[in-house]
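One structure is given below, encoded as structure tokens.
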């Protein structure tokens, strides 16, 4: 079942970038583009995910933008509430700072920092229970893809979290981001046809898990650029993009937002 009626999302994941002065300039340039060429909120949800120490600064800087731009945390603690957990930032602390969106399960968190299924389930559950919207990332490695395991791996990653997500949370608080790991930061990208095929399988799997399956946005996160955004946006089950490097340049990020806003 197609998700073509879903309002698309475009989220810029800045990762561990940039320095403060460059971040300020990036935000101001993006705001200028939004002012000159306004995109209605109802045509596309837009978010940026800066480093944790910049969340509230970026949020404040975006308040006078010509449209809503959400501030998204790149990660959240597996521990809820407050307490003696040095270096951690809980979902409750994020919400207390009016940060309502968070990435969970990004491949870099899984591969570099060892976020396994149990850790990710705890992070997801804490964020959802705190009232946050979670962009949950799934994806396969090149080896898994070459062995014909891509669909199985991705669908299992979604099934793994099902026990901690309620029907209401599926409906209102969950966005899925498919990121083929082999296409992140490599300049490679799945063809739009390949991306759509995987998104259609994810849609099918979501519909089997929850009645809300046909209404959940599924974002593509495999080296999305201004040059391929229009073609990706035309795919019926690609409901937006999780953008990495291209989100660090205001013009390219704006072009991606524009492509998805005009496509649905």
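Glycine is treated like the rest: Cβ placed from N, Cα and C.
Positions annotated as substrate binding site by Swiss-Prot: 13, 14, 15, 185, 223, 244, 245. Annotated active site, electrophile per Swiss-Prot: 106, in sequence order, evidence recorded as sequence analysis. If you look up Swiss-Prot, you'll see 179 marked as active site, proton acceptor.
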All-chain count of other Cβ atoms within 10 Å of residue 15 (substrate binding site): 17
Rounded distance in angstrom between the Cα atoms of residue 14 (substrate binding site) and residue 179 (active site, proton acceptor): 15
Collapsed DSSP category at residue 13 (substrate binding site): strand
Pairwise Cα distance for residue 179 (active site, proton acceptor)/the residue listed as 'active site, electrophile' [Å, integer]: 8
Three-state secondary structure, residue 244 (substrate binding site) (per DSSP): coil
Candidates 244, 245: member of the binding-site residues with the richest Cβ shell (10 Å): 244
Fewest other Cβ within 10 angstroms of its own Cβ, chosen from the binding-site residues 13, 223: 223
Cα-to-Cα gap, residue 244 (substrate binding site) vs the residue listed as 'active site, electrophile', nearest whole Å: 11
Distance [Cα-Cα, Å, rounded] between residue 15 (substrate binding site) and residue 106 (active site, electrophile): 10
C-beta crowding around residue 179 (active site, proton acceptor), within 10 angstroms: 25
Under 8 Å by Cβ from residue 106 (active site, electrophile), counting only residues of that chain that are 6 or more apart: 13, 74, 75, 137, 179
